[in-house]
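According to TrEMBL, the protein has these features:
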- 1-73: domain 'IF rod' (DOMAIN)
- 66-103: region 'Disordered' (REGION)
- 71-83: compositional bias 'Gly residues' (COMPBIAS)
- 84-103: compositional bias 'Low complexity' (COMPBIAS)
Amino acid sequence: SLQSNLEDTERRYNMQLQQIQGMIGPLEEELASIRCEIESQNEEYKMLLGIKTRLEQEIAQYRALLEEGQHGGGGGSGGGEGGKSCLSHSSSHSHSQSGSCSG
């Protein structure tokens, strides 16, 4: 009687353990997928933030050129080159951290 009670308890325990493990597996996969998606969104955010920063710098340069032009200063073509060099300098920083998701 004691032996059969022990076997019955072990059987129920094993069934519950399998059910719980069956629930944990898909949750772990979902968690890994969410982590990967968050990492991807974070990289996209960093890229967009870098683009925004470069555009703000370029806008500031154009404003400075416009103000300079209104005050009688010349040299509009040189400012375009400055804008390009600014973009090339800041673009090297935005791609320095690229990660891949390896769940």
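Cβ from N, Cα, C; glycine included.
What TrEMBL says about a protein is an automatic prediction, not a curated fact.
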Reduced to three DSSP states, the domain 'IF rod' (1-73) has 69 helix, 0 strand, 4 coil
What average pLDDT does the predicted model assign to the domain 'IF rod' (1-73)?
-> 95
